[in-house]
Amino acid sequence: MEKDSRPKWDNPTQFLLACVSYAIGLGNVWRFPYLCQMHGGGGFLIPYLLMLFLEGLPLFCLELGIGQKMRQGSVGTFSSINPYLGGVGLASVMTSLYLCLYYNIINAWSFWYLFNSFQSVLPWAECPINTNRTGPVEECERSSPTQYFFFRETLDISSSIEVNGGVHTGQALCLLLAWVITYLFVVKGVKSTGKVVYFTATFPYFVLVIYLIRGVTLHGAANGIKYMFTPKLEQLANPTTWINAATQIFFSLGLGFGSLIAFASYNEYNNNFERQAIAVSLINSGTSIFASIVTFAIYGFKRCVCVTRLLLLNTFDIAEDNITLDTALDWVRELNMTYPEKFAEIADQLQTCDLEKELDTAVEGTGLAFIVYSEAITNMPLSQLWSVLYFFMLLMLGMGSMLGNITGVITPLRDFKFFSKMSNELLNGIVCLFCFLLGLGFSTPSGNYWFTMFNDYGASFSLLFIVFFESIAIVYIYGMKRFEKDMEDMVGHRPNWYWKIMWKVVSPLLLLVVITFYIVGYIQGGTPTYHAWKKELGKTVVTEYPIFGQAFIGLLLASSISCLPIMALYVFCRKRRHGRRDKRQQTVMSVSM
Amino acid sequence: MWKNTFFLFFILSACAEELCKPDASNGYKVRLSLKTALGDDAYTWNKNEMFLFQSTLAFAMRTSHTGQSYEISNIVVCNETDRVSFWFVVTSPGNPTELVENYIVEEAIRKSRHRINSAFLLTDKTLEFVGILPTLATPVSYDTPPWLIVFGVLMGIIVAGIIVLLASSIVKRKRKTRRTDEEEADEETRVKTMDNGVYNMSFSVEDKLTQM
């Protein structure tokens, strides 16, 4: 009875777009370009694509398949395979919950920047003036307007994780808005999510194309793109490159959160998930590469070249026409040779602007999205329009991923009898409210440090663990033969040799290798550190986490991984209790007979 | 007599030349960025433009230092470069060998900065007096920050949407329960007439019993 009343996607396209919207998130825009740059530009594509076929694609297909077959959330699915494995599903839910808590703060920042774009002068284009009206605010002068706007006006960041304060009202309001919108999108479950993904999946491409066109017409774009794509094949000898490729593919596809299982559980029984898995994985990787082209085109156009040119013009009194943005760096070399003493005076000001060095110090994460990109935008004409477009795109990417994660939490919850009695709207509302209230902690002055901690430890290592056990559970405990028969039942043909080899041997092995590297990295890395913003210096400083911070990291890691043994133990105890009760009943019945 | 006048003028101009030199104590460096400001419409810097500069500066000195009638000859320029930058000093109208103190010059320029800029179609950034910082404009302060307005609009729309959705689902559910109540009443009468009242278990679809 329950099966037939399970909500469904209106058509397979909705499911496809939901997966695309979920998989393509901020990581495609801010993590992949960074990795590409750090690991040899075009050469990084080799390990990346290899890992896609060895690990990403098979595991993606596996999760979709099991979800479509079992038609339950992650907890129910793995409990059905074997009651002792329910912990795998529970660990997924915990990790999804952690992600839901901290991910929406990024959307809050995007909203903040979006709303602040509706001004004649973008607030991060210029330093605000200090109270004496003698000059710009000191902190801003020492760093840069974009950094000042992000660290001071957006985050109001404290100097370390130990120093705290009250909630930033602007941030809190934007977070509230982000959660209210998330609630609106999931309030009716798949029925509402299915309609929203048409927009969240397609709009980012529209903006990326526009940005690509804008980017390649910018000055210096060719340099940026050339730098990115010149392969430095010696990086391939570095094992970190391969590990980073494996983890990037893994995290980028969003495996292990239970969201894919949840999405697939709302499918028609005969949906061709194999073809959709291939499509989504390829689209995801393609988008990463496309986004990095755009990023590098814009990255190449750096303001520092303008600053260098001005410095040269003013120090050496050369006519404006003679030095252009292209020739600025050649002039640097020439003037260094002809006027060495005069050049030495300004040498330290020029040191910070060497295009190669700039591109070498890659930026990733929130730094890239909110600082570097917004700086590039201020230098474009009509910057308000570009700013609105860009942050709206970030919002779509972030919201799409949020939908998947929230579904990954709610769908398993509905599998429990207690929650299934509640209406859709009420359960979704409670989950959203709960996450919002806890998420408010990230809008405090030290919130960004907690955010980084959650981002680095809350949903990284535990996922590898979860997916490893998932694949072992499905392939060996559920049984390859049974899964093959299910696939034949659902799709119409058995999986071919590629899938079988990957599922049985290659993917689990690769996961084991990556997990080992992570553990070794944690042990060798010593005390975990974070980047603390120092007001007086105007830049970030590497600081060690205090004791309570390290304890919390341990808690984050342990809480999701320990779900597996704890759940197994719980089931074991319950079975023993029931077993004893059944035996007693049987003896009673035999006596009464 | 002409020779004497000529000689005096020569001495005076020579003195003036000496008064004006780079890093002069009471002098200022001026820097113009014509191409940056005006692009293709930039005019060429020539002697006429320099004449305008001197006259504008003399005007500024007159306006600020009331009582003194400065002439164009009181503004002495030197060290012109291709950048379009040069040094200038201001001599006192009463005594051409004496330089006017720099703070008086600075005040004059500050007062008439906007007029000087307009004469050359330039701004504070493109017509620089090195050492004289432009008075910064008062930061624009809003009663309601603009971001709050946009936020309010968006929040209002979203909340309205949620209320509409929730209301529609509540209405739908009420209608459904009313209909199922009616249906149940019909079914009961049907069951009573057709069956013996025995519910056959073998035809129920209970997945829970057949789980793996």
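Going from the start of the chain as shown, residues are counted 1 onward.
From the backbone N, Cα and C atoms, a Cβ is placed for every residue, glycine too.
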Of the candidates A:Ser74, A:Ser252, A:Ser443, A:Ser446, the one that TrEMBL places in the Na(+) site of A:Ala23, A:Asn28, A:Asn284, A:Leu397, A:Ser401: A:Ser252
Top Cβ-contact partner of the transmembrane segment (A:168-186) among A:83-105, A:278-301, A:425-445 (pairs under 8 Å): A:425-445
A:Ala23, A:Asn28, A:Ser252, A:Asn284, A:Leu397, A:Ser401 excluded, remaining Cβ within 8 Å of their centroid (Na(+)): A:Tyr22, A:Ile24, A:Gly25, A:Leu26, A:Gly27, A:Leu253, A:Gly254, A:Thr287, A:Ser288, A:Gly400
Spatial neighbours, same chain, of A:Asn284 (Na(+) binding site) - Cβ under 8 Å, 6+ residues apart: A:Val20, A:Ala23, A:Ile24, A:Asn28, A:Ser252, A:Leu253
Candidate ranges A:12-32, A:44-62, A:388-413, A:425-445, A:501-525 - greatest C-beta contact count to the transmembrane segment (A:242-266) (under 8 angstroms): A:44-62
Number of other Cβ atoms within 10 Å of the Cβ of A:Asn28 (Na(+) binding site) across all protein chains: 25
Close in space, distant in sequence - A:Leu397 (Na(+) binding site), Cβ under 8 Å, 6 or more apart: A:Ile24, A:Gly25, A:Leu26, A:Asn28, A:Val29, A:Thr200, A:Pro204
Seg_contact(the transmembrane segment (A:278-301), the transmembrane segment (A:501-525)) with at least 3 CB pairs under 8 angstroms, min sep 6: no
Residues from the same chain, set at least six apart from the ends of the transmembrane segment (A:457-480), whose C-beta lies under 8 A from its own: 59, 62-63, 66, 78, 81-82, 85, 88, 91-92, 94-95, 98-99, 102, 247, 250-251, 255-257, 500, 503-504, 507-508, 511-512, 514-515, 518, 522, 528, 553, 556-557, 560-561, 564
